[in-house]
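Copied over from TrEMBL, here are the features:
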type     : residues  : note
DOMAIN   : A:732-790 : domain 'CBS'
REGION   : A:1-26    : region 'Disordered'
TRANSMEM : A:115-136 : transmembrane segment
TRANSMEM : A:164-185 : transmembrane segment
TRANSMEM : A:215-233 : transmembrane segment
TRANSMEM : A:276-299 : transmembrane segment
TRANSMEM : A:311-333 : transmembrane segment
TRANSMEM : A:363-387 : transmembrane segment
TRANSMEM : A:399-422 : transmembrane segment
TRANSMEM : A:477-496 : transmembrane segment
TRANSMEM : A:502-525 : transmembrane segment
TRANSMEM : A:537-561 : transmembrane segment
TRANSMEM : A:567-588 : transmembrane segment
């Protein structure tokens, strides 16, 4: 079936390709389709190759590929530009020698270093969260103070339009700063960063996602966008920030700052780095929501393919340190040192631990709310999906992006102002007033405008008000209007070129309609008193809405429970999230998954599609494969590496079978990055003979080059050197995982996913290479409306 | 290196053997040692084969092997009697055909069934917990009432020795019932069951551990032992109970009751069953401690090798339902329906969520307490280890075991009585008195004996008193005496032939010395008020002691946090548990691990020993291996299966290499259980030809035989039939995982552990079988004091 050709041959599909094939094409796409008959009982499959190449982009090296300005807007594509992480150690001779040389004490030291690093990650993440919180508090405080003064001044004399303009201009100014740094300096810092971190933890190398520059832009950006009054939260970006901190700290150097501390050199490989990044992401969640366990579960849910107890425990340590650090510094900032009551950026406040938190007969109501959350979440996601496609097509220039962000900021201020202006929901200003900026506006003295509590405030405070303000603080009309406007504002805002999260807006929308639901319930039931607490419904609504949008499950339940500090609400929150997920999934995927798909990232789900047992490795694999001999000519290697569109960044090393035209028997696997280092150091057989003193290549040389291996173009190989030979034996992984070609797709998938592989060699019964399975080969298959569907691979 | 002999040959080590080789030996052991030179840079290794065969035991089938009356008391042995679970699906043609026939809707239905089963597991586990709680409450209530009456009667007239005798007799009577049912009916129900469940989740098939009978005996046993006043808890057994419930419900039938509901037939295999058992264990933890997240983490920490999001979410669902069910029924029992404040069997009660829960400078103190807990835990474990060895040697007859249990019960009563009698710690009986049975004894009127609060009570209530009674309720002398006596009582009690857990006694010991520590701290510091709350130190002490004994980490932190209902204590509890683990591990392993080792279970840890990179599959594997041809003579198969001591329960199927004496090329793997079914149904090539109407063997036939496959002896094969041939092609797993023989041990280990394998075929470069790696081959290596050590394999 599989057509096996010569040893060095070009793959028909450029999976795991190092760069882009630069075929000059007009804007648009030229599809080269061909069909093939599968050997199973399946029908015809379309396997496409779609070349939409961004001409402006110059992909020079693996990591420096940069963020594409244009992303394909067809989510049925898988981009070939993403590479996988090498989570599987290449156990070559150098590696084994190092491991064997290391004493038990050495391993102990490494283990201690890992703990120290995790502690540092937690500490720094907590510190960053603290800085963001304080900066936002102060900036937003100044802004609201100025606007409030202005409104008060003009309420009496008339001319509130001036206040509106002031508010809008202040917002737009903040947002402009935030958008400019993101759009012009580091587009990778846009959005919440959660989709990117999900992909990274899944094993996809997203370019520039864990750079120092991204962190700086992210932190400044999120401060600006929250202070700018956008319908965004500062929680999502914390997860990204934590991940960047982890990637930086664990490597003991900064490539951007050109500073190498010469520590933690052992951890300079993808396996270790990815583990630390999971700790960082967990620390970020922990700092954002005061939810250390939720953070661990988030990391595991998104990232871990293989459960490792020590790793999990370290992740938990980082999370704990992170929330503790934040709490500690905030307590000092709030002049109550030692008061450990604000463990996260958002605190839901204490829910009265009434012994009767909820009744059994309320559970169906909660489930109905979950379904509503699922529906509203699906609507949100569909609207945002259309908007994103629109943005991809028409708003891809940085200046346009900045202008759109400023427009949204101004519109947000205007809408908020209008809502407050036309609302006549006045509430008495009690003595235990928790509002920071109560707006009197047209209310009587001693009263304040209730609509302003929701709009004239940072979203975190608004959520807390909706959860905890006593019954009667809001009238139903205020809440309905607020829900409606905030829903569309939040939907418009997500995907702007600013650094911002979607957690808090979702919670806020949900809390608003949840509270509305509670108020209506109390008014229509004869004995309203038992439904007395609308805050409870606000909490359930918030969970439902957030679940409907992001579709996280276990981790979100735990995060919500930890944020409320009340274990009793666990069951209703879980049921609500589950319902929201089921209902929402019926219509459309979760928001993060939509954005991942729109980026055409080859994301591996946890299991192969259920109905894929009839596919085998033979059908799934890429064939023919470029292979090398144990001792290979330098020229051949250089040629293969230069032709970036036609290899998988990993090459089986084979022993030729005598008197046969077939592929050789597999005896190892070598990575593109390893070959690059070998070429750079000119590890040629002939040179080794002539220069006896030549230093033997060590693992350190590979580590120093990690993670930004130079492109093949930058390595000069003379014509003479091209005739030399390279001995790959010592550097290849001599025991790559292999599967027979009859292995079913789910089995291949399980092996691949469980071990976090990058390349899986498919062999025949004689141990000869017949194909190679990479991430894209597996990610292509997904369950669509009409059963199993196959996605197409695109060059961009 | 590896000496390859004829196709059908006897393994030198009987790993994964089906039964015991019955060589009549005297009591003791005859060691057959031989040495071999390893090819790495290592020295000489002793590979032993130790035959200590229990003569009384008749191992008839895989599952019916029964619990050994005698276990080898050398923890440097690995028993050959334990088999592994087949967590890896055998993807043979039958399986693939079934999967391929199934529609997407079919998979959906299966998924829904899984959820229903998990819901049922949670519900039933919660119900069982509720029954245990109510039964213990009532029995203990009656007992304490009778004894209290008696003591009050005799305090005045003198002759308290009669009360003592009454108390001791009552205790001994309860314990006798509990010990008799365990010792005579189901020895597998002894202890907490956590070690057994740990092993099961690790992938080891422990005989009779998930039987219905075990559950019944466990539940009755734990009620008796707690009511009998032993220093035990009812929490550990809940985990075992949940696991049994899960194993029963998920199979849709009970082999013991000979009742097949004809449902859930799809789940009748090890893969699915093990997943459900993890859910059951989690539900058990959840019901025991009101800790659903802790339950999930427990299951993951102990069991999951491969993180599966949907599975985790189902486990969480089962846990939630379990705690909710318990809570709901208890609230009805307590006549406060809807009051959801008792989510677990043990509730630590509400810790005052004071804003200043603890101060930064208290953290070093907590760490000191953690170290103390580690030391005391290690002492506990060492004492218990000696005691267990003593018991293995001298107390192995059921009647002796019952007598020992009764003795402990009587001694516990006597010691308690003496402590109460000689104590003169009288406390005023306040209006908000929470004691159920305040003993006045020799105290003045309106006062009660404080020592009696600790001893004259179920341990759960004592823990709560220590956590929450106001400062001054206990004087330091009472606490020190109590700690001392309870420590030794608990240590003596654990390992008795009764069904009982060690969690609560550990918490109680720790809470006592923790509170003592708090009191002393308050008295020696100048400003005692800041250390005012001894309850906080009781909590930390409890965590330290428990951590020092069981050495659980992440899950225990979460369980403790959920049980206290206060997230703020997360960091100190984590630090304390971490310290206790580090300090304790320096001396001796955790209690459960000690007991697992004493049972010589081949337990796979999460990672290969750090310094094992120089070992390769070649050194680790068992060789030579018994192989079969694709079409094999029935006689050969019967002979191989009958010789139970010499195979691995799994046989590579090979294609012979022409003109060669070598092993054939691997083309599949077939299990002993599959061959048994084939033989039973006489699936012979000749018969298929003659009887055209013969029903084709289906997967259902394998499922019906699961899990108690008949022994080979019970299958009659005539002399004519012995000459027939069997075609294994359709039934073997055609794509077993293989590794080259140079693969390093950590790499083999990772593959084996991540995929939950049972057999891993080692092949040479020609794909010829050279060996087989099973669980025991990997479990043998461990890090000892002097680097890597190898355990010996024993027949018993």
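Glycine is treated like the rest: Cβ placed from N, Cα and C.
The transmembrane segment (A:164-185) shares the most Cβ pairs under 8 Å with A:399-422, out of the stretches A:115-136, A:311-333, A:399-422, A:537-561. Counting Cβ pairs closer than 8 Å to the transmembrane segment (A:115-136), the top stretch among A:276-299, A:311-333, A:477-496, A:502-525 is A:311-333. Taken through DSSP, the domain 'CBS' (A:732-790) splits into 16 helix, 25 strand, 18 coil. Through the fold, the transmembrane segment (A:363-387) approaches residues 487-488, 490-492, 494-495, 506, 509-510, 513-514, 517, 521, 537, 540-541, 543-549, 551, 571-572, 575-591, 594, 598 of its own chain, all at least 6 residues removed from its boundaries and within a Cβ separation under 8 Å. For the transmembrane segment (A:502-525), the residues of the chain that approach it from at least six positions outside its boundaries are 192, 231-236, 288, 346, 365, 369, 372-373, 376-377, 380, 454, 459-460, 462-463, 466-467, 471, 474, 476, 479-480, 482-483, 486-487, 489-490, 493-494, 531-546, 549-550, 591, judged by C-beta separation under 8 angstroms.
In terms of C-beta pairs under 8 Å, the stretch of A:276-299, A:399-422, A:537-561, A:567-588 lying closest in packing to the transmembrane segment (A:477-496) is A:399-422. When averaged over the domain 'CBS' (A:732-790), pLDDT in the model lands at 88.
When Cβ-Cβ distances below 8 Å are used as the criterion, the transmembrane segment (A:399-422) is approached by residues 160, 163-164, 167-172, 174-176, 178-180, 183, 225, 228-231, 391, 439, 441, 449, 451-452, 455-456, 481-482, 485, 489, 492-493, 496-498 of the same chain, each at least six residues removed from its ends.
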